[in-house]
Every structure is written in structure tokens, then in C-alpha cells.
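Record features (TrEMBL):
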type	residues	note
DOMAIN	94-151	domain 'Potassium channel'
DOMAIN	206-283	domain 'Potassium channel'
REGION	314-339	region 'Disordered'
TRANSMEM	22-43	transmembrane segment
TRANSMEM	102-123	transmembrane segment
TRANSMEM	129-158	transmembrane segment
TRANSMEM	193-215	transmembrane segment
TRANSMEM	221-243	transmembrane segment
TRANSMEM	255-275	transmembrane segment
Amino acid sequence: MMPGQRLQDCRSLHLNEDNGRFVLLAILILVYLLCGAAVFSAIERPSELRAHGRWNGTLLNFSETFNISLQELNSFLREYEAAIAAGIRADALRPRWDFTGAFYFVGTVVSTIGFGMTTPVTIAGKVFLIFYGLLGCAGTILFFNLFLERIITLLAVVMKAVRERRIRNSGLLPPGIRHDFSAYSLPGWKPSVYHVMLILGLSAITISCCASAMYTPVEGWAYLDSLYFCFVTFSTIGFGDFVSSQSAAYEYQSLYRVANFFFMLMGVCCIYSLFNVISIVIKQVLNWMLEKMSCLFCQRCNNANAFLGRRNAIRPGSKGRQRRFGQPPDSDGPCDSDAEGRRLSGEMISMKDLAASSKVSLAIMQKQLSESANGYPRTVCGSSRHNGFSGGVGALGIMNNRLAETSNSR
């Protein structure tokens, strides 16, 4: 292979920041799914085979005892399965489509839990669900994002108050500030995103444990099954193997249903906020992995540049200004400002530049925490305000920032 071709191959390996992270995340998710499938198959498959064996033996014994053919018995079982899908059970259950049952159903729809215990069977109900769920799910996701913003603000204020109390007790304040601590702005301090993740995790565990303590005696589940139900419900997975508030009558029924609604609402909001914060940490891990992967690319490019002896070659490890492809030699490099220096998705950057900007998402979250704690108004650039895209954290903030950048570039 010719050295020039080798250098060209090296340049082609300089991935875009968003695309590089997207491809790596897709690969890791695929590997994660394969590993999960292998583990669950090894754990659950033997139990499934044993259950099939027991069921086939039961059918055969029933058929021989009552002189019923297996074909007729299977036909009867299919009719019973259709009855189950319509909400009919051998045990007495609450009505599925009275007002309270319908309210429980639409709550599982807009929250994307979707237990599957109640489903529309009429054509009109299915068509209405499509349009109802489209608007309801979008509004609920917006509610979750706004809830996340207020949780971050609350945690930032609490963490700042704890910080101030520790500084007061330490005796490290200057004499003139001890009596007027409100004027002291804690220079250089920012709440840690990892502390926020820890607090949200502990809150989710606390809510799940309290809810499980309620479900265990009321629903008659084991405590571990109740914890399992809480995670499946709060994370909006919603398998439907365990569903609360389905019996026809409960002791203190009204109080139980209100508490059930409260735990579900707080649990879903808390887990959603926790997922958003964890996604930032995962993004940092992806950036770290991309930085390690770039070492091989850097070595190849440096070797090729040394062989060609080119003085103006673009190297990922070089500092200062770097020429972009198609940019004049005397033109300025990337701008240092936040508004002008932000690269869009279509611009090529080196892996070293990507590694250097790997803390952007973490810094944005910490900046929002700091502004919330200190009571500063959130600054919005003029172009973003003009375009109508600004604010938000988590998935909503990422979308708003991307829309603002794209609209500004046009």
C-alpha cells in the first residue's frame, strides 16, 4: 500500500462526533442484547421445558379420565384464551371498562407502561387509541422532562445549602463574610452530576421498597415479586405478568387506589429522571472508549506523516490551530466561543478533538445545576431565542439544542 493512500485511509477514519458515538452505542447495545438473551435463555429455558412437560401430562390425564379427545380439549382451551383476552377470569376481577377501569387503562397508555391486561377489542376503540396515544404519550414525555428540570433545581438548592453549612462549620470563611454568607457565591463550586445520580437512585429504591411493602399484603405477592413489579412498572417496561389493583374489592379500596396511583406516578418520574442522568454517564464512557480506540488511528497517521515528511499534515495529537479540509492555511481554526465553536453533525473532526470535548454533556448538566443552585437565570443566546428553541434538560434539552443549532446554521 502506498504511503499517500495510507494517509488518506487514516483521514477517513476521523469520525464525526455524533456518528462515532452513535455507531459505537449501537454496537454495544447489540452486544448487550446478545449477552442478555444468552443469560435469560440459560436461566428460563429449562423451566419452560418442564412447564411444557407438566402441561402435556395434565392434558393427557384429563383426556383419559373424562374420555375427551385432545382435539376437543384444545378447542375448548382456545375459547378460554379468547375469554382471557377479553378480560374474563375464573376468579372475580374488577370490571375492565367501567370508568375507573378505563382511567387505569389510559394511565398505562400515556405513561407507555402498557401492561396488556386490558386492550380494546372493537375497531372504534383501536382507531381511537392510535390518535389518543399519539398525543397523550407526547404530552406525558414533556411532563417527565419538566419534572426532571424541577428535580434538578431542587437537588441543586439542597446540595448548595449542605455545602454552605459545611463551610460555615469548617471556619474557613473570611471574617467579613461569616455574618453575611448570602453574599458569598461559592466561587468555583458546581454540584456533581454523580451526586444527583446517587440521590435519584436512592430515591427510586426508597419509593420501590415502600410501594412493595404496600403491594405484598394487599395483592398477596411475595416481597421480591413486588419489587420486580415496581421496577417493571416504574421503568415503563410493563410485562403484565403482575398488575396491581385488579381484584374486584379491597379492604380500604379507595385509599389503596389513590396510594397505588401516587406510587406509580412518583416511581415513573423518578426512574425516568434517573435514566436521563445515567445516559450522560454512559455517554462519557462511550467518549472514553472512542479516545482509547483513537490511539491506533493516531499511530498510523503519525507514521504516515513521518514517512511523507509533510509539515502541514493534520494530526489528531497536534495543539493549536488545525487546518480543516478545504480551509485556507491562514484562516482561523475552531472558534473558542460556545456559539461559534460548536460543530454540527456534518463536520468532520479528529478523534483527539472528540476526546477533548468528551465532557460537554457533563459540563452542561453541571452548569444547569450550578445556575439553579445560585438562582441565576438560564442564559439563552439570541439566535436560540429568535428561533424558539431553548432550555430543557435530558432528551428534551438535547433536541432543543440540536434544533437551535440547525435553525441558526440556516
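From the backbone N, Cα and C atoms, a Cβ is placed for every residue, glycine too.
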Residue numbers, six or more beyond the limits of the transmembrane segment (193-215), whose CB comes under 8 Å of its CB atoms: 151-152, 155, 159, 221, 223, 226-227, 229-231, 234, 244, 256, 259-260, 263, 266-267, 270-271, 273-274, 277-278, 280-281, 362, 365-366, 369
Averaged pLDDT, computed only over the residues in the domain 'Potassium channel' (206-283): 92
Residues of the domain 'Potassium channel' (94-151) by DSSP state, where helix covers H, G and I: 41 helix, 0 strand, 17 coil
